[in-house]
């Protein structure tokens, strides 16, 4: 084992000097003598000095401390032994339930699958959430982004998706908590436990109180575990909450490594780092990874470099809107801004496609008329426009839905709505079958039959 000594510490970045002929390679893991702290080599500065990131707290480090080169990259446990466990960035269990005992370890730095190994799928993944299944359907083996500013419901949507898909899909899932609140990680663990799906989920946490090195690498740790399940021939779900914190950790590290910042202070390697992560999240001929990623949007600005870079990698984008949340409509998904490559008559069928487009056209017409209504009132509209507004308001309310994971807050039991029910309901509203019902009947219900029942109690 090669040994070196610390020559400089600046926050999470540590410079270590080795003998010139024993200089570690980039991404080698170094271990601090007499401590659990792992350092990952990022740059070779020459003359035997390497610049590393500390994957843990760098408190108490001082010059002259001895460091050992393991001669290998960071390796984490993979396989079924990781299911039901909570691990950190290094794959160390943090749930106080003893060692993982996995038979296999795998490096967190892997090459993306070769072009000829990839496979495309058009099979739909039903989520049971009306607005998502209708206007931005997910593909099995696809990549989905949940975009939203602070407090519009990304994590709640994510938890509902995990609950619905984990229960209905009955496959394995990996959840990577990247720089999010520890409380949410705890809530999520108990939610999985109560739903009896914990034995199918591997949890990897690097929360917001941890150093930037942990937050930068924890997404790769979760991805490595998911890749192993995929390579075994399984269909696996990978949830990342939140991909923006991965970028932000990269920004913190980049500045400490001495790189010049680019637009809005982001790292100059933003597109490359994101690309390297996203290209590994893909489906091959042996198995599939369906990935759902929450993306924080700074100051609700979708043109910010971080969310803008993420957009290009996704098959479906679910955009959460503060305006819709302020109306009390949850999930606050914007049906006009959200898109999916699967919304194609050849994939979803003509009925689904035409219903989704009719819903969007009606909502778009209402959006255009809103200014006129605000200035002149409803009476100035033509009869056709009045009808369009009435239907749009019903659609808007019918897009809301009570969630299972929010039941403890709202007291309303959650609803899972099958795709057939969703299409039937919206088709009926658009074609005018339910024009006689009051719009309140459509708010926070599951299928259309519930809305009809609710209308009877309102009359």
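Think of each number as a place in line: the chain as shown, counted from 1.
Cβ coordinates are placed from backbone N, Cα and C, and glycine is handled just like the others.
Annotated features in Swiss-Prot:
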BINDING   148, 149, 150, 151, 152, 153, 154, 155  ATP binding site
Binding-site residues compared (152, 153, 155) - highest count of Cβ atoms within 10 Å: 152
For the ATP site built from 148, 149, 150, 151, 152, 153, 154, 155, further residues of that chain with CB within 8 A of the site's CB center: 296, 320, 325
Which same-chain residues, if any, lie at least 6 apart from residue 151 (ATP binding site) yet have Cβ under 8 Å of it: 325
Fewest Cβ neighbours within 10 Å, where candidates are the binding-site residues 148, 149: 149
Assigned element (helix, strand, coil) containing residue 148 (ATP binding site), judged by DSSP: strand
Listed in sequence order, residues with CB under 8 A of residue 150 (ATP binding site) and six or more positions away: 296
